[in-house]
Amino acid sequence: MATQTYNANPTLFAPSSQSFRKNNADTLWLKHSDTDSEEDEDESPIDAQEVFDLLRSINDPEHPLTLEELKVLSRDQVTVEGNHVTVEFTPTTPACGMANVIGLAIMVRLYRSLPQRYKVRIGMTPGSHQHVAQVTKQLNDKERVAAAMEVDAIMESINNCLSTAGRRGEK
Amino acid sequence: MTCSLQLVATVIGHDQRVWQAKWNPAAKLLASCSADRSVRLYHYTQKENAITVDLAAVIETGHRRSVRSIAWAPSGKSLATASFDSTIGIWEPVNGSAGSASTEWECSSTIEGHENECKCVSYSTTGTLLATCGRDKSVWIWEVQPDSEYECISVLMEHTQDVKCVAWHPTAEVLVSASYDNTLKLYMDDPADDWYCFATLKGHASTVWCATFSPCGKFLASCSDDGNIIVWRPTNDDDSIVGDWKEVCRFAGHTGPIFSISWAERNPMDKDAVGLLASGGADGSIYLWVVKPGGTTAEKVACIENAHEADINSVDWSEGEGGGLYLASASDDGLVKVWQLQC
């Protein structure tokens, strides 16, 4: 899908310490009904670490590296208050044409993994991109996200990004 | 002054999120549409304080993507569907009346024109015009001709972004559209020329998800991703609706975006008020508001928190027989719920 590389030589960062929670392993392909069960919620209240673990190993659309390795996403960019989840990410360059894809991958991953009562807002680090307002408005428009998720070509690239998400920080 | 909404029916059936649920204006039918690409029709019967809802028909629409919006013709005899697949479907009973439980529905027309996702569809009060809108930033007006023929009479490219909603005035042939560009626009026909935009309403800080005229036609309400509801009225003191409109009041209550509002004509609590406004949003709550005479203030009279466990995408009032007021809500949780107003 990408015909142009927006950042050919990104800076790499080592993953932070391993996740302390490895329950439920990979929830990537579980249906909502599975993650929704009372039992599941009782055992693992969702906190910022859990959300970060769900997202940290998503593959960058342009490089065989994770969002964590590229510092597109770090643990302290995730906040959870009640059922409100906020994720801020930092594109590797201000002109990154893949910011929409990265944001959509994060949204889709959380849509598939979190119980429905969780509300996700996505943001970008101020000044990290030339179109912060434009991109974040689109990513937070549920109708636009729903429509994008019905387009095979878009979901193909999203699913590629998500193919590594289940590693949750492990190599 | 308080009132409440009593849950009287929970309708299960869709496999995915329900985008809208709308009452048939003539028959005892409730229709819902979903990301599962189907429309489900429910027949209902009322007995004093109870309502029984039975599945009447499932229309597998053949739309290739989500059915985002539905609209009943004022006659109640045809139903329009707007889909992310860019087309509009028109559905009519094969035989018999729309209200009969055994009726089968068929596609009598498929309308093409939009470049991509259609977001909303709406019939004018007389049923002679149909409006549609979509992500291609356009609003289309179609003339309803005999034998389910729809002829495009205008394409309005006034918005700079995605158009989320279109709604007609209850008595005049005036249309409102609401957009991702944070504005609303009003249109009418110039008999000597084409349809044109005569007012642009600015006030919301983010996407305007839904707009609806008051049943009396003197006011307009809009709701937004910014969490506000704004009531607008014409600037002219003579109540002429053609001209500029101004914000007369705004109110908030929901946490997060408000996706849908519906304005009931009657208000059992306050007969002088401008009806009763219901709102539903991403917080899964339903609020009821009494808009005071003149539209300059609104009072919150009820709040049903967690009416659904997920986003509420649409609310729609129906004035039932025997004076009952019912509200249908549709949600990302895949359910349609029916609420009865109790004062």
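Going from the start of the chain as shown, residues are counted 1 onward.
Cβ coordinates are placed from backbone N, Cα and C, and glycine is handled just like the others.
Tertiary proximity for the repeat 'WD' (B:11-52) is limited to same-chain residues at least six positions away from its ends with a CB under 8 Å from its CB atoms, namely 58-72, 74-77, 79, 81, 83, 91, 97-99, 101, 105, 310-311, 313-314, 316-318, 320-322, 324, 326, 328-338, 340. Summarising the annotation, TrEMBL assigns repeat 'WD' to B:11-52 (among others).
Averaged across the repeat 'WD' (B:60-92), pLDDT for the predicted model comes to 97. Among the features that TrEMBL reports, repeat 'WD' is placed at B:60-92 (among others).
Feature annotation from TrEMBL assigns repeat 'WD' to B:111-145 (among others). For the repeat 'WD' (B:111-145), the list of distant contacts is 65, 68-75, 80-84, 86-90, 151-171, 173, 175, 177, 179, 185, 187, 195: same-chain residues at least six beyond its ends, Cβ to Cβ under 8 Å.
What TrEMBL records for B:156-187 (among others) is repeat 'WD'.
Same-chain residues lying 6+ beyond the ends of the repeat 'WD' (B:201-232) with a Cβ under 8 Å from its Cβ atoms: 162, 164-165, 167-172, 176-180, 182-186, 239, 241, 245-252, 254-265, 274-275, 277, 279, 281, 289, 291, 295, 298. Look at TrEMBL and you will find B:201-232 (among others) tagged as repeat 'WD'.
Taken from TrEMBL, the feature repeat 'WD' covers B:251-299 (among others).
Taking Cβ pairs closer than 8 Å, the repeat 'WD' (B:305-343) reaches residues 3-23, 30, 32, 34, 42, 44, 46, 48-49, 51, 53, 259-266, 268-269, 276, 278-286, 288 in its own chain, all 6 or more past its ends. The repeat 'WD' annotation in TrEMBL covers B:305-343 (among others).
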